[in-house]
Structures are given as C-alpha cells and as structure tokens.
Amino acid sequence: MSSPSTLPLEISTSSLSTFTPTRILSEITSTGSIYVLGTLHDLPTIVHLQKTVLGSDKVGESLRGLERLNVFLENQPYFSTHAWLRPTPDRSPDLQIKIICPATETHINKYSEQERYMVHETPEIYEKVVLEYINGFDESRLGWVYAILDGKKEAERILYRKQGEDGFVILPDLKWDQTSMNALYLTVLVQTRSIKSLRDLTPSHVPLLNNIKEAVSQTVKEKYGVGSNKLRLFVHYQPSYYHFHVHVVHIDAEPTNGMAVGQAHMLDDLITLLQLSSSAGPSILAQKTYTYPLGVEHGLFSGMKDAGAITFD
C-alpha cells in the first residue's frame, strides 16, 4: 500500500482552502513574500505566498481596473492610497503560490528565519564533516530532480535538453513567475549524478561547463530576447540539494541571500580555477577553504561548530 507521502496530491482552490497554518517561518516585506508552515491533506506543508510582479505593460490595465481606493496620505504633491482591483476574466494573477507537500525537516529549516554565522570550511573539515553529511542523504530526496532529467515530470517546461552523460536541461526556476524579464531565473540540471557540489569539479568538467554557458546564452536569447551580458550564472556552496546545478539570473533581479558573497560562485570564475588546476591531482576547487554563511538550523551547523569551523567571539 502506498504511503500518503507517495500518493499524487490534488492542488486546487478547494484543497488549498483546507490548508491549516501553524506558524510563519519567515517573511520578506520588501517583496511581499511569506513562508507559512501548516498541514494539507494531513501532511506537513510549506506554503509560500508572494505578490506577482506588475509588468510595465500592465500599468494602464491595472489603473483602469480599480474597484475602490483608500487614500491614507494627502499632502500635495504627495498622495498614497491602498487600492483594490476589480475582478475580470483576463486579469493578471495577484499571487504566486508555491507549495512543498510533504515538507521535510530540511525544508522547514531552510525556510525558517534563523541566525547565521560565517563558516570556514577547510578541505579537512569537508572530508570529516561535509562529505559524511552529503553521503548520508537519502537519494529518494532527489527524486524530483531525477524525474525532470528522465522526462517524467515538467517536460513541458524544459527550454533546452542535451542528452547523454555530459548532458543537461535548462528550465525556469520555481522562484520566477515568468512574467517579468528583469526577474528571470532559470536552473540548469546536469545529467550526471557524480557531481554533488562544486568541490567535485575537475578540469575534465570544463567542456561541460562551457557547453552550459553556450546553451544558456543561446536559449535565453532565442526564448526571451535577453543577451548573455545581462545574465549571472553562478553555483551555490553550500547548495540546497546535492546534485550539481547552475543558477541563471537576470542581472537586474532583486538580490536574494542566494546571490550573496560567499554562497554564490560565478560560473566563469569556477571555469578559470579549473583551467588553472593540475590534471594530475585535486583541483583548486577541491583544495580551497570556503567561507560562507550557515544558518543555525542547517543540518551541517552542529558538525561545523564541533569541528571548529565557526568562531564565536
């Protein structure tokens, strides 16, 4: 018999109305974004609500479709008002809703507001703490990645696919609502399962990384009319999941923690360091000490603290 977590879940207005919130995990007022933990279909669930981006082509439509105003500041020449839009069949969506169901403890920790500290991860600490943590991950938690790569899920969202062990797919990231080009966010998933993080990259992977650069440039230009000089291509360390992937973000996108110094490593810089590495031994990326922020709820935090990777003044 299938467990509730493996059964297909219905997501509809009626099912979402049964979501029972238990607590707010985090919120970002500047973007109108909030993560809420609760239950849906009797399963732990995270719901992310975010106001959709208003495209420049929708300004006139929005102002013509106002149902009522509540002016709360009137001091000429300055005015401020709350506004309610009139429902119409062709109206743009008001919210982007993302759902993680069932949500694991790792998901909950990731989206919870928490203190962060700078970590200094030497190659020795990587071998002792991080590698053990990575190897302890249940591969089933990457099932959603493998389903995309195997063409079983999200096939209609794939923008580019290169087959083979050196292949990869390019698709829109769930963080992008695909309405504003300035917020463009794509993900590149590599086909090989042998690269868990950037520490696993060697000079032999340079052709793969260059192929990704070229395919991203061509695909984004053809699909969205955005040039490669408007894109950031970077890799996270630590990543959210241990299957190598590349983030592709418009240069004018709202900065997030994932773009911060320490966590985001530019793809061009990684390629350069691999080209400078000796093919006979560990790459520079494998030998580097990495300094990055880590939240107290992250699964690595306790091990890093015990290993002396975090300094407390």
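Here the Cβ of each residue, glycine as well, is placed from N, Cα and C on the backbone.
Annotation comment: TrEMBL describes His245 as active site, nucleophile. What TrEMBL lists as substrate binding site is Trp144, Glu154, Asp173, Lys175, 236-247.
Recorded features from TrEMBL, shown on the structure.
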residue	record	contacts (Cβ under 8 Å, 6+ apart)
Trp144	substrate binding site	Lys153
Asp173	substrate binding site	Tyr185, Leu186, Thr187, His247
His236	substrate binding site	His247, Gly258, Gln263, Ala264, His265
Gln238	substrate binding site	Val130, Ser197, Gln263, Tyr292, Leu294, His298, Leu300
Ser240	substrate binding site	Lys110
Tyr242	substrate binding site	Ile134, Phe137, Leu142, Lys196, Ser197
Phe244	substrate binding site	Val190, Thr192, Ile195, Lys196, Ser197, Leu198, Asp200, Leu201, Val235
His245	active site, nucleophile	Thr187, Val188, Leu189, Val190, Val235, Pro239
Val246	substrate binding site	Thr187, Val188, Ile212, Val216, Leu233, Phe234, Val235, Leu267
